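I have placed the structure first, in the form of structure tokens, so that the comments after it can refer back to it.
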Amino acid sequence: MARKMLVDEEMNQTNQEEAHYDFDLFVIGAGSGGVRAARFSANYGAKVGICELPFHPISSEVIGGVGGTCVIRGCVPKKILVYGAAFGSELEPSILYYPGLAVWGAVPVLTRSNMRYRSDPAKIGGHGGGTSLGSLPMSEVQDARNYGWELNVKLDFNWKKLLHKKTDEIIRLNGIYKRLLSNSGVKLFEGEGKIVGPNEVEVTQLDGTKLSYSAKHILIATGSRAHRPPIPGQELGITSDEALSLEDLPKHAVVFGGGYIAVEFASIWRGLGANVDLFFRKELPLRGFDDEMRAVVARNLEGRGINLHPQTNLAELIKTDNGIKVTTDHGEELTADVVLFATGRLPNSKRLNLEAVGVELDSAGAVKVDEYSRTSIPSIWAVGDVTNRMNLTPVALMEGTCFAASKTVFGKEPSKPDYSHVPCAVFSIPPLSVVGLSEEQAIEQANGDVLVFTSTFSPMKNTVSGYDDDFEIRQEKTVMKLVVDAETDKVLGASMCGPDAPEIMQAAFKNEGIAVALKCGATKAQFDSTVGIHPSAAEEFVTMRSVSRRITCSGEPKTNL
């Protein structure tokens, strides 16, 4: 009886303590991971508050916006620019300026003087109803106009129009994210949040007023920010934030970095007509991806006119009357309108007061967490880029779901994120997409032989929409690859570089995508037994029958490109 009274007393005391919290959960950061965790926790009945910095397309330590990096100054606006830039190569063989030269942004793209329109020049402007512009149907012509391309007597590009469309879209998405929070019953505070105790947060509002709230759980979801390399004149360069909001399209851009951001912006600017020089430290761009596919991407970049400078660092930037003079560590010099630093990102943890309350950080400033996203303080958690685990938006969503839908905290079903078979894409033009192990990783982890299947072909669309026999034809191939465990027949990794690669990798056939198939442990025999959709690029993944190479576990990867 005494034991029962003691337990009842402890439970009553616990309930009283919990009743004194202003929130069950307070989230700092309303990006993808934070919003997901807040909404799902509220759906489990938790009282949730969330704070985010005021909205602006270009971030700083005191500017952000609901939706976070991905929605406002990352994946979404970048993909819009990629769509816009892709029209350049679509229109390039379709507009034949009569009688001389087609103008593509600031760059002449067709140089023969005797070119003719493939359709009636009088109808090129699109006023002829269903007429097509070159080889493009009128629906695509209108799409091109919406992405800033001016299709009249000559091919030109309106950067400000595309920029305006991009800004309209991120403002729309910012509003949608706010409504998602409101509809879930989450209380949104606009201002800068920091942690002042294991169960206490402070929000500094726009007018400087400070509000303090207690919470049973605190979640850090503040993301990351672009890094600038410490070189003389680094203040003259820009990051991806500014690159998405430039007032004017550069005529000549220098991009420093070899990751996906560098490759994507090089593709965007080149697609929109700029001259582009891409500098990176390694022999190939995209370190960490399959080496064979890295070589494919590099070849495609060069084929589209991007100047590659491997194993090269930038040493100094100097402002001149003609632009920014760039000096490399090899002594090379060139002048550009814009220099983009795409040299990585750092966790947004500096202004959160974390070390003062005992939250451990690593040497890069990332919040240390366990496999359930809990920090060194039991009541404080962290998800997304601020933890520097796998910095992808869908991964932040997964981490937020595991925390909040929190099977771990509010759902009462402890759940940890699963980082195996996470697909990803590089939205270069054309794009690269991968899931599972690269050939190099498979060989490193193998207990037996590894089989590699590859397929290289010209996309069907290019066979009829490219230049005719009198003009140069772009030799740009689609490349697909499967890496297979020879003993178990299990498909360990898949990759593709070519049109629609991300869509094919995510969801392609048999009601499953390549990523889903690998996640479910599919074998090569199951791939082979699947009927493909014909004609399509995706069917190649289920028709690769011949082994391109077999590598023993002690062997070295070898490409056949």
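Counting begins at 1 with the first residue displayed.
Heads up, the Cβ atoms here are built off N, Cα and C, so glycines get one too.
Every protein chain shown contributes to the tally, and the Cβ of GLY223 (FAD binding site) ends up with 28 other Cβ atoms within 10 Å. Among the features that TrEMBL reports, FAD binding site is placed at LYS79, GLY193, THR222, GLY223, SER224, ASP385.
Its Cβ placed at the centre, GLY257 (NAD(+) binding site) has 24 other Cβ atoms within 10 Å. Taken from TrEMBL, the feature NAD(+) binding site covers GLY257, GLY258, GLY259, TYR260, ILE261, ALA262, VAL263, GLU264, GLY344.
The disulfide bond annotation in TrEMBL covers CYS70-CYS75.
The domain 'FAD/NAD(P)-binding' annotation in TrEMBL covers 23-400.
Positions annotated as domain 'Pyridine nucleotide-disulphide oxidoreductase dimerisation' by TrEMBL: 422-544.
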*asked:* A 10 Å Cβ contact count, applied to the recorded positions CYS70, SER224, GLY344, ASP385: which residue has the minimum?
replied: GLY344
*Out of CYS70, GLY257, ILE261, point to the one nearest GLY193 (FAD binding site) in space (Cα versus Cα); all of them are recorded positions in the record.*
CYS70
*Which has the fewest other Cβ atoms within 10 Å: CYS75, ILE261, VAL263, the recorded positions listed?*
CYS75
*In sequence order, which residues at least six apart in the same chain have a CB under 8 Å from the CB of GLY259 (NAD(+) binding site)?*
PRO285, LEU286, ARG287, ALA342, THR343, GLY344
*How does the domain 'Pyridine nucleotide-disulphide oxidoreductase dimerisation' (422-544) divide up by DSSP, counting helix, then strand, then coil residues?*
36 helix, 35 strand, 52 coil
*Considering only the recorded positions CYS70, GLY257, VAL263, which residue has the minimal Cα-Cα separation from LYS79 (FAD binding site)?*
CYS70
